[in-house]
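Some features that Swiss-Prot has for this protein:
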- His17, Asp176, Gly177, Lys178, Arg243, Phe244, Asp252, Arg258, Lys259, Lys279: ATP binding site (BINDING)
- Asp19: Mg(2+) binding site (BINDING)
- Glu45: K(+) binding site (BINDING)
- Glu58, Gln101, Asp252, Lys283: L-methionine binding site (BINDING)
- 101-111: region 'Flexible loop' (REGION)
Amino acid sequence: MTYNKRLFTSESVTEGHPDKIADQVSDAILDEILKDDPNARVACETTVTTGMALISGEISTSTYVDIPKVVRETIKGIGYTRAKYGYDYQTMAVLTAIDEQSPDIAQGVDKALEYRNDISEEEIEATGAGDQGLMFGYATNETETYMPLPIFLSHQLAKRLSDVRKDGILNYLRPDGKVQVTVEYDESDKPKRIDTIVVSSQHADDIELEQIQSDIKEHVIYPTVPEGLIDNETKFFINPTGRFVIGGPQGDAGLTGRKIIVDTYGGYARHGGGCFSGKDPTKVDRSAAYAARYVAKNIVAAGLADQCEVQLAYAIGVAEPVSISIDTFKTGKVSEAQLVEAVRANFDLRPAGIIKMLDLKHPIYKQTAAYGHFGRTDVLLPWEKLDKVNVLKDAVQA
């Protein structure tokens with residue numbers, strides 16, 4: 001029997017990938033600032049390369065943070081603890097070039113927003129977006145996490161690749177690594193099987209390729225992928241270049257915000273272009289993307305669509321979003337216009353409203369900086385809540 005199959009591929013990277021090192025460092029600095037100053041304005045960019053890290057950006061805060069210490073602790077936690085790994089938290093140089101947030105931006109964002117549980121309506125209305133831009137959120141019912149299967153499995157495999165290294169199961173692995181998963185969909189657009197898995201992991205110099213391939217299948221792939229998705233036709237490419245000894249920042253420079261598709265939906269949904277890491281929640285690139293995921297996930301969980309993509313757009317200094325758009329890809333149980341109306345009535349999508357709704361002024365961001373910001377099963381994130389399901393059901397029936 002033949003059918004019209006469709007293949008879709010997504011990728012993830014481990015926490016030791018250079019770009020992910022940069023994301024984690026930026027968010028570790030953000031978290032450290034938010035611990036003492038929840039009203040801080042942070043736009044923190046990190047560059048990592050051989051033997052050094054450069055921290056730049058704009059930070060306005062009333063607290064003090066030992067940035068080099070935070071950088072070194074983050075690098076140590078990732079696993080770059082010896083010079084032979086190509087990067088060493090003890091001997092690397094840490095350079096800083098930090099300015100304050102531009103007063104031209106600050107005056108349009110927030111004049112007097114104070115950190116307290118009960119933010120007044122006047123303060124919410126007075127808090128404008130930190131920039132113009134468009135953000136997307138997405139959800140699908142093809143997995144229990146409301147994420148597309150290719151990116152979900154990619155993250156699970158990347159996390160497992162890191163875990164077997166840190167737990168000493170495969171102690172010859174090194175921190176840098178990448179995973180890619182190709183899923184085959186059937187004629188009903190449901191996941192049917194895994195067509196291809198690609199794993200590349202940095203490793204010690206004296207390990208044979210055949211051992212790496214066998215160990216990664218046994219300890220990473222088979223324990224992670226749900227039974228029935230791998231079959232005799234599934235293709236495996238494990239360290240297909242044959243050698244991956246030089247890795248991390250020694251192999252490639254890393255920059256904050258270079259893995260925006262890994263951070264979101266693996267290319268399965270659209271992306272507005274703005275990254276997340278290193279940005280405080282007044283930056284709608286981050287907070288509005290979280291809110292859009294929150295909206296989309298609750299719509300799908302309410303049974304109002306099998307898939308849902310939400311677009312939000314903002315103008316700098318303006319509180320209300322300039323547009324809200326919803327696409328259910330012809331899977332909606334009610335019209336998209338009804339969904340937009342229900343969302344407008346039940347979600348406060350102004351920047352300060354999002355911060356209040358999702359309680360975003362806390363140091364919760366470093367844990368999002370590797371293995372995805374959405375659909376996580378290992379950490380609890382406020383934009384993954386399903387507390388609007390009944391509200392949305394009632395709203396579309398009214």
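Going from the start of the chain as shown, residues are counted 1 onward.
Heads up, the Cβ atoms here are built off N, Cα and C, so glycines get one too.
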Those binding-site residues of Glu45, Gly177, Lys283 having Cα within 10 angstroms of Asp19 (Mg(2+) binding site): none
PLDDT averaged over every residue in the region 'Flexible loop' (101-111): 55
Integer Cα-Cα distance in angstrom, His17 (ATP binding site) to Lys283 (L-methionine binding site): 25
Secondary structure of the residue listed as 'Mg(2+) binding site' (DSSP, helix/strand/coil): helix
Integer Å distance between the CA atoms belonging to Lys283 (L-methionine binding site) and Asp252 (ATP binding site): 28
Glu58 (L-methionine binding site) versus binding-site residues Glu45, Gly177, Arg243, Lys259 - nearest by Cα: Glu45
For Asp19 (Mg(2+) binding site), the number of other Cβ atoms found within 10 Å of its own Cβ: 22
Pairwise Cα distance maximum in Å, ATP-binding residues per record: His17, Asp176, Gly177, Lys178, Arg243, Phe244, Asp252, Arg258, Lys259, Lys279: 36
Those residues of the chain, 6+ apart, with a Cβ under 8 Å from that of Gly177 (ATP binding site): Val13, Thr14, Gly16, His17, Ala158, Leu161, Ser162, Val199, Ser200, Ser201, Gln202, Gly247
Greatest C-beta neighbour count within 10 angstroms, which of the binding-site residues Glu45, Glu58, Asp252: Glu45
C-alpha spacing of Lys259 (ATP binding site) relative to the residue listed as 'K(+) binding site', in angstrom: 14
Inter-residue Cα distance where the pair is Lys259 (ATP binding site) and Lys283 (L-methionine binding site), in Å: 18
Long-range Cβ environment of Arg243 (ATP binding site), under 8 Å and at least 6 residues apart: Leu209
